[in-house]
Every structure is written in C-alpha cells, then in structure tokens.
Amino acid sequence: MDATFVQALLVGLFVSFCLIGQLIGIYTNRAIFLSFGVGLILGDVQTGLLMGATAELAFMGFGVGAGGTVPPNPIGPGVVGTIMAIALKDTGMDVPTALSLSFPFAVMIQFVITFIYSLNAGSLSWATKSIQEGNYKSFKLTSNLTFIGFGVFGFIIGLVATMSIEVLRAFVNIIPQALISGLSVAGGLLPAIGFAMILNVMVKKEFIPAILLGYVCISYLAMPVIGLAFAGAILALNNFYNKGNGQAEEQEEVIEDGI
C-alpha cells in the first residue's frame, strides 16, 4: 500500500504528540500506543496492535536502561516497524521481520533524542536569565526548547517514515530471502529475550511455579491469552491477600507475646 500525504501529516502530528508525552510522563511513547495510532491512521489496526504488542514484550527487557546506559527508543518499532509491517505486506513482510529491521532505527532515534537533551542542557540558565531581565517572550521560548525539539523531531520521523514507503520497499526487495527468513526468526525470539531479561531482574523463586504454569497452559492446553491473563490476575490477587493476612497474624502474635 501507499500512504497519502494527509496520512503522512497525521502520522507526523501523532508521533510529535507521543514524543512530547515522554517528557510529561504519560507514556504515549510506548510501542503499543504508537503502533495503535499509526495502524489506525493507515487503516490496519490489527497489524498495528500485533506490532505494538510484540514490540512491547521485547522492550520489557531491551527498553530498560541499567546504570548509565540508554536503551533503544520504542519509537523505532512503534512507528517505522509498524509502517513496514502494514505497507510492505505485499513483499512478504511480517511482524517479527519488521521488528528486527526497526531496531537500527530505534538506536538512531535514541541518539538524536540524547543529542536534543545535550543541546538544551543550558536552557534552564537561559530561562533564568530571561526572567531576570523581564523578557517573558524569551523565557517562554527557552523554557520550552526541549518540548519544541521533541515535537519537531517526532513530526519529522512520522512524516518521513510514512512518505518513504517506496524507499523501504526497495530496501527490503534487495535483501536476500534467506536473510529475511533469518530476520523473521530473530524477530520472533526478541519478545522472549526481552521478557527473559526483565524476569532475570524481577523474578523471585516464589513466582517460578506460576511461570511454569503459564507455559504449560499456553504450550500444552492451548489456552487463549485472555484466559491466561485472568488466571494470572487471580494468582496475583490470591498472593496479595494471603500476604496481607500473614502480616496481620504476625502482628497479633507480637501483641499477644507482649501481653
């Protein structure tokens, strides 16, 4: 499919809004939200949600910065990956392959965002100087430079990515089919690797039976994901209330010993 200029403008405005949302902490820069919006504008919400959910699983691990490291930005798969998955279906592009091909864009976008932060490192002192001089117009500009930079960059990403479908198609067409197959396999592994990375940090030995139960339900019982989500919610609530009762009983025992 080919996108119209109006669709490209809408995608640009949407990505601009989402990237600014990163600064105010509303999580509009997450892959699932970006992919849904791009899919809605391009007329393929199903593929957009598939791409967003797959990327979100991968970025559970890859999107967490350890120490001073900066992870790849989810705008890569959320925007570029979704556009490739939707627009290049006729070339055999699937969601795992699009996820793999979007990772270089995710790294590049994060470099640019870091560069914007670096450029605006002195904006606080500039804004302070402007307010001291009574120059309120300059103050409004300098205090919002990061928002402006993110908004402009997000608009450019969305517009250029949507208008570059033919370039992306030509790029994919020159890739050997064997490599495409390999990227598809690698893309299918990325969500599992990302989930494993986050489990490596957060998992406790008490939760291992629940993880194994989820694996058995999906692999051997073919339970739908929604059903598994409800089962997980029940286990979480059971753990929460049992933990609360245990603390209450322990407190009562301490009081009785005191008496």
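Numbering starts at 1 and runs along the chain as it is shown here.
From the backbone N, Cα and C atoms, a Cβ is placed for every residue, glycine too.
Quick look at what TrEMBL annotates:
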| type | residues | note |
| --- | --- | --- |
| TRANSMEM | 6-24 | transmembrane segment |
| TRANSMEM | 31-53 | transmembrane segment |
| TRANSMEM | 98-120 | transmembrane segment |
| TRANSMEM | 141-162 | transmembrane segment |
| TRANSMEM | 174-199 | transmembrane segment |
| TRANSMEM | 211-237 | transmembrane segment |
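Here the transmembrane segment (141-162) has Cβ contacts under 8 Å with residues 3, 7-9, 11-20, 22-23, 38, 42, 75, 79-80, 83, 109, 112-113, 116-117, 119-120, 123, 126-127, 130 of the same chain, all six or more residues outside its ends. Counting Cβ pairs under 8 Å to the transmembrane segment (31-53), the stretch among 6-24, 98-120, 174-199 with the most such contacts is 6-24.
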